[in-house]
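Undergrad: Right, I'll just put the structure down here and ask away after.
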Amino acid sequence: MPEEENEGRTTLVLVLSVTVACLGNSFLYGYQIGVVNQPANLIQEFYNRTYYERRGGNWEGMQRYNNYLQDNITDADAILKYSVNVSTDLSSNQDNAQTNETKKLRPEQFNADISLLLESWEVKILWSTTVAAFVLFGMIGAFCSAKLADLFGRKRGMIGITFLMFIAAVLGGITLAAKSPECLILSRIFVGFHSGLNITLCPLYLAEISPRKIRGAIGTCHQLAITIGILVSQILGLKELLGTEMLWPYLFAFNAIPSLMCLVLMPLFPESPRWLLIKKGEEDEAREALIKFRGTDNVSDEIEEMKMEAKKSHGVKNYSLKELLTAPELRMPVIIACVLQISQQWSGINAVMSYSAMLFGQVNIPENTIPYIVVATGTINVFCSIIAVPLMEKAGRRPLLLYPMGGMLVSFIIMMIFLNLQKNADLVDSHKYFAYICIIVMHTYIIGFALGLGPIPFIVVGEIFRQEPRAAAMSLSLAFNWICNFILMITFPFLKDGLEEFVYILFSIVLAFAIVFIFFFVPETKNKTFDEVANSIAFGGRAQGQKKSFNVDETEPMDVSKV
């Protein structure tokens, strides 16, 4: 078989390795993004109940009072239905209860004490902490991921971190039984740390086991698995499944299932051949792994390419963060990597996904309809991510960044216009149609993200660095991703309250800046070797490929035998 055919060849081992790696890592990362969305109200009620009881209150009385407020009956009927305590010192209420008046009864008559409830800002702080704890510790995990990836390897690293998810599953599963919001927050801390590690390990593994001609398509599987994880969490969170007052902790216990599959199946597949040869110097093991991935013994060209890269990196230790930031030839790649990750998060996607129920409420969608619209949103996200897999190798990275991001920007502008129109009392008859338009443009935004800004930053970061700084660069860029995600998650509820519909102008500014930056500085990496890409942008090589850096012409394939 001609070796060129190997470059686009898919084998069963390759497909299964990608599937298991994504299921045990990327899928779980996406699941954490969406899992808190559907049961949000249930969890916040649980927080209120727990702290109410810790302060000495009787929640049953509080529930009876809340039901009374929502019940469309007279106070006279309510006294009988809810066994209200009508004592002599509350005779005025008893008099009112003999009429057809309603809602004159007081909380004390239900054995309820409103002063023991959490203030709305306290609930908001607790909830934001629950959502953002995942992101904060994901950031910490991202900083640690480079050392883990280089020390233990990509595959072994993914296997080793599964214990974090088992701990998280136990803590999340016992939250209700233990009457402990702290268990849920701890669970989110562990899944965050796991996600911070796996979101580096998995894309590295995919980039290094992929044939060059389908490297972008396989890299897109990482984002596809994330979107599937979001969708599964949204479906399981429906009230017909686990989104109930008693079952919602199982949503967090579910983390153990994909982790167990990764723990059992991942050892059956080879380690990254590039890591084995370049980092460990184990040529025989690397050749054996590559033969399994390619399904043929004819892998000499790929081995030679890795050996040339290994010779260049011989004696070069793993890059530290300081070395990564101070190396002149890595300055532009580092800037590109970090800007892409910042743009991905501050384009607003996780605010849309994690707070989508709140956003749909903002456009006056009926509350009982919102969970199903959220699921529809996740379905569209998955469908578009599937489309992005073949498009990645046909259209290239740059077009799939620039054009969909333009669509995202237009979507937010349209949304701001129609959210403003919804406040116009003179157009009250059209408010329903304005809400539909907002839903449509929110989905066009998600389509644009799924096609470009979702998968491509992970792929490009893995492609613009050579082997020796790649893990450190991936770790640094993803740390920026997590930092921006954390800032967004902790501040978005307050930004939304303060700016209302104009909150989207912040995301629009980020998108506009990112489009300009990508147009001028981000290169096309499709069908190029790692060395070709790294050389083409070192010292600020232009994205258009018209300039040369290190005497490398981007417009011509690189002869790796001369490297």
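Cβ atoms are placed via backbone N, Cα and C, with glycine included.
Because TrEMBL annotations are produced automatically, they should be read as predictions rather than curated entries.
Not my notes, these are from TrEMBL:
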- 18-526: domain 'Major facilitator superfamily (MFS) profile' (DOMAIN)
- 12-31: transmembrane segment (TRANSMEM)
- 125-146: transmembrane segment (TRANSMEM)
- 158-178: transmembrane segment (TRANSMEM)
- 184-206: transmembrane segment (TRANSMEM)
- 218-236: transmembrane segment (TRANSMEM)
- 248-269: transmembrane segment (TRANSMEM)
- 369-389: transmembrane segment (TRANSMEM)
- 401-421: transmembrane segment (TRANSMEM)
- 433-461: transmembrane segment (TRANSMEM)
- 473-495: transmembrane segment (TRANSMEM)
- 501-522: transmembrane segment (TRANSMEM)
Undergrad: Which residues of the chain, 6 or more past the ends of the transmembrane segment (218-236), have a CB below 8 A from one of its CBs?
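TA: Beyond its ends, the transmembrane segment (218-236) has Cβ neighbours at 14, 18, 22-23, 25-35, 37-38, 202-203, 206-207, 209-210, 242-243, 251, 254, 353, 371, 374-375, 377-379, 381-382, 385-386, 388-389, 392, 450, 454-455, 458-459, 462.
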Undergrad: The transmembrane segment (184-206) vs the transmembrane segment (125-146): three or more C-beta pairs under 8 Å (separation of 6 or more)?
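TA: They do touch: at least three Cβ pairs between the two stretches lie under 8 Å.
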Undergrad: Might you confirm whether the transmembrane segment (158-178) is in contact with the transmembrane segment (401-421), defined here as three or more C-beta pairs under 8 A between residues 6 or more apart in sequence?
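TA: When sequence-distant Cβ pairs are counted, the transmembrane segment (158-178) does not touch the transmembrane segment (401-421), since fewer than 3 lie under 8 Å.
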Undergrad: If contact means at least 3 Cβ pairs within less than 8 Å, sequence distance 6 or more, would you call the transmembrane segment (248-269) and the transmembrane segment (473-495) in contact?
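TA: Contact between the transmembrane segment (473-495) and the transmembrane segment (248-269): absent, because fewer than 3 Cβ pairs are under 8 Å.
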Undergrad: With a Cβ cut-off under 8 Å, give me the same-chain residues at least six positions beyond the ends of the transmembrane segment (158-178) that come close to it.
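TA: That would be 21, 24-25, 28, 46, 148, 152, 184, 186-188, 190-191, 193-194, 197-198, 201-202, 205, 246, 248-256, 258-260, 262-263, 266-267.
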Undergrad: Is the transmembrane segment (369-389) packed against any residues at least 6 beyond its ends, judged by a Cβ distance under 8 Å, and which are they?
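TA: Those are 34, 37-38, 217, 220-221, 223-224, 226-228, 230-231, 234-235, 237-239, 243, 353, 356-357, 360-361, 400, 439, 442-443, 446-447, 449-452, 454-455, in sequence order.
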Undergrad: Can you say which of 12-31, 433-461, 473-495 has the most Cβ pairs under 8 Å with the transmembrane segment (125-146)?
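TA: Answer, by Cβ pair count: 473-495.
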Undergrad: Give me the mean pLDDT over the domain 'Major facilitator superfamily (MFS) profile' (18-526), rounded to a whole number.
TA: 83
Undergrad: State the non-local partners of the transmembrane segment (12-31) in its own chain: residues 6+ outside its ends, Cβ under 8 Å from one of its Cβ atoms.
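TA: 155, 158, 162, 165, 191, 194-195, 198-199, 201-202, 205-206, 209-210, 218, 221-230, 232-233, 254-255, 258-259, 261-263, 265-266, 269-270, 292-295.
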